[in-house]
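Residues or ranges marked as substrate binding site in Swiss-Prot (evidence: similarity to another entry): 32, 245, 246, 278. What Swiss-Prot lists as ATP binding site is 34, 35, 36, 37, 73, 156, and the listing cites similarity to another entry. Residues or ranges marked as K(+) binding site by Swiss-Prot on the basis of similarity to another entry: 34, 36, 66, 67. According to Swiss-Prot, the feature site 'Transition state stabilizer' maps to 220. Marked as Mg(2+) binding site by Swiss-Prot: 222, 246.
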């Protein structure tokens with residue numbers, strides 16, 4: 001099972017039912033809606049279509065609302081475009097004017113108070129660079145030298161690298177969009193241009209005022225101020241998005257990979273999901289194949305420890321949205337297969353802080369690795385159990401069984417977690433039985449698989465992960481007292497006397513008999529296992545089992561009547577249990 005999650009931006013190229021179905025089948029886990037573009041009516045139509053297709057396919061798909069944020073843009077230019085020439089001067093006005101090569105204006109009136117002589121102003125993702133030469137606060141004008149030639153069109157982005165700006169945490173539009181998201185029951189908010197913890201708390205205040213406790217907040221770190229305040233920002237956040245687009249304009253491009261690794265590591269330490277975004281497969285907007293550099297970029301983000309990787313224009317407006325998702329999926333699967341999970345677990349154990357809940361998580365991960373369990377089944381109300389285990393990046397699949405649709409969609413973004421919605425768990429026994437049955441229903445585990453079940457007891461309390469149980473999936477058909485510690489798989493041969501075994505090939509057989517006498521010994525020596533009804537560790541059955549090092553179970557009531565000839569069984573002498581079929585016992 002692929003463990004790294006894929007976020008796809010939904011736009012004109014991907015909003016149809018047909019294409020959404022293709023993206024979901026290709027590997028999309030979360031649908032991102034960019035509120036920098038489009039009306040509420042357009043986004044509602046997309047949300048409805050996403051949920052309709054997901055329900056039809058039986059998929060759990062999260063929905064992420066990406067705010068426009070408090071960005072700075074230019075106003076309109078004369079004839080829609082002006083040319084700025086290197087070596088000349090241009091005035092940036094705080095009052096709205098029609099842009100000319102001599103003067104244009106910006107949407108942020110306090111820019112004049114934030115910059116100083118020598119500050120840089122970058123236009124249109126850094127394609128045009130200005131340097132502040134003089135500031136005239138009386139006129140509300142900033143005179144700049146033009147450092148390189150370039151075109152400037154209407155409403156282009158403005159970046160102020162290294163400058164602390166006094167923009168609000170969220171705009172009126174953002175607040176309106178968030179209220180819309182609450183009404184439409186979105187799962188996550190990606191908050192654009194977050195600079196300080198108060199920016200996140202402004203959003204949290206809206207959610208709390210609306211009594212919403214389901215939506216999680218992922219600040220987008222896109223500037224130096226956000227990088228500098230990352231520790232405090234993470235304290236009030238549920239996760240993080242490493243938004244490399246504007247970040248690569250605000251800080252030197254060569255610093256972006258270093259910052260990316262640092263931000264991901266900080267999230268990993270706290271066990272908070274992190275998304276790596278922007279230009280991951282950018283060339284696939286135009287071409288059906290990714291470049292080698294892009295493949296390396298996606299893989300290295302996974303090696304860095306990201307929970308999810310994101311596609312932007314590739315799926316929103318590109319020519320090959322389905323191919324982009326498939327490519328990202330294949331890169332993720334390949335990168336995960338090359339991971340050294342033993343080393344990964346060791347590194348995570350050292351990185352993540354010790355706590356009672358984390359102690360269970362790390363124990364689950366170590367046990368899963370040492371015993372090579374097929375899956376970890378996390379029974380969870382809030383999702384915290386699955387998140388706790390995910391911190392340690394276990395090789396085994398994490399099947400998160402939850403009664404909550406909201407929790408399932410939240411887990412769509414968590415590394416390694418496969419959420420399954422299942423109602424009805426009132427007692428601990430119900431919880432365990434329900435978890436096992438649900439895991440089998442997914443097809444990811446089958447009879448004979450060794451799994452770990454983990455949960456919080458009592459049920460329903462967030463952050464109380466405190467239970468771990470090893471469980472063998474399958475039907476236990478009989479039990480008694482085991483002799484020795486081995487296990488074996490074979491077909492039963494029921495024998496009431498030695499004559500029943502004459503001429504029978506016993507090389508892969510388990511003999512089932514009432515008791516053992518000397519006439520049976522030559523046949524028992526040929527068999528792989530022994531099951532008898534007689535009791536006692538000093539009985540002939542126990543003695544012959546020990547002497548011949550044959551996995552033996554004694555004291556199995558009515559064995560010769562209950563166990564039929566020719567059925568495949570697993571004899572587990574360590575537990576004194578007999579399972580139908582093959583069971584992966586220790």
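Cβ from N, Cα, C; glycine included.
A map of Swiss-Prot features onto the structure.
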residue	record	DSSP class
35	ATP binding site	coil
66	K(+) binding site	strand
73	ATP binding site	strand
156	ATP binding site	coil
220	site 'Transition state stabilizer'	strand
245	substrate binding site	helix
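Rounded to a whole number, the distance between the Cα atoms of residue 220 (site 'Transition state stabilizer') and residue 66 (K(+) binding site) is 9 Å. Considering only the binding-site residues 32, 73, 156, the Cβ with the fewest other Cβ atoms within 10 Å is that of 73.
Around the Cβ of residue 35 (ATP binding site), the same chain contributes 43, 65, 66, 67, 68, 173, 174, 177, each under 8 angstroms and 6 or more positions distant in sequence. Listed in sequence order, the binding-site residues from 36, 156, 245, 246 having a Cα within 10 Å of the Cα of residue 222 (Mg(2+) binding site) are 245, 246. Each residue contributes its Cα atom, and for residue 220 (site 'Transition state stabilizer') and residue 37 (ATP binding site) these two points are 17 Å apart. Shown in sequence order, 33, 35, 37, 65, 68, 69, 190, 192 are the same-chain residues outside 34, 36, 66, 67 whose Cβ sits within 8 Å of the Cβ centre of the K(+) site. The candidate set comprises the binding-site residues 66, 222, 246. Of these, 222 has the most other Cβ atoms within 10 Å. Here the binding-site residues are 34, 36, 67, 278, and the one with the most other Cβ atoms within 10 Å of its Cβ is 67.
Note on the recorded positions 37, 220: the fewest other CB atoms within 10 A surround the CB of 37. In this entry, substrate is bound by 32, 245, 246, 278, whose most widely separated C-alpha atoms sit 18 angstrom apart. The substrate site is set by 32, 245, 246, 278; from the centre of their CB atoms, other residues of the chain with a CB within 8 Å are 220, 222, 241, 243, 244, 277, 279, 310, 312.
Here the Cβ of residue 245 (substrate binding site) has 17 other Cβ atoms within 10 Å, regardless of which shown protein chain they belong to. Here the CA atom of residue 246 (substrate binding site) lies 13 Å from the CA atom of residue 156 (ATP binding site).
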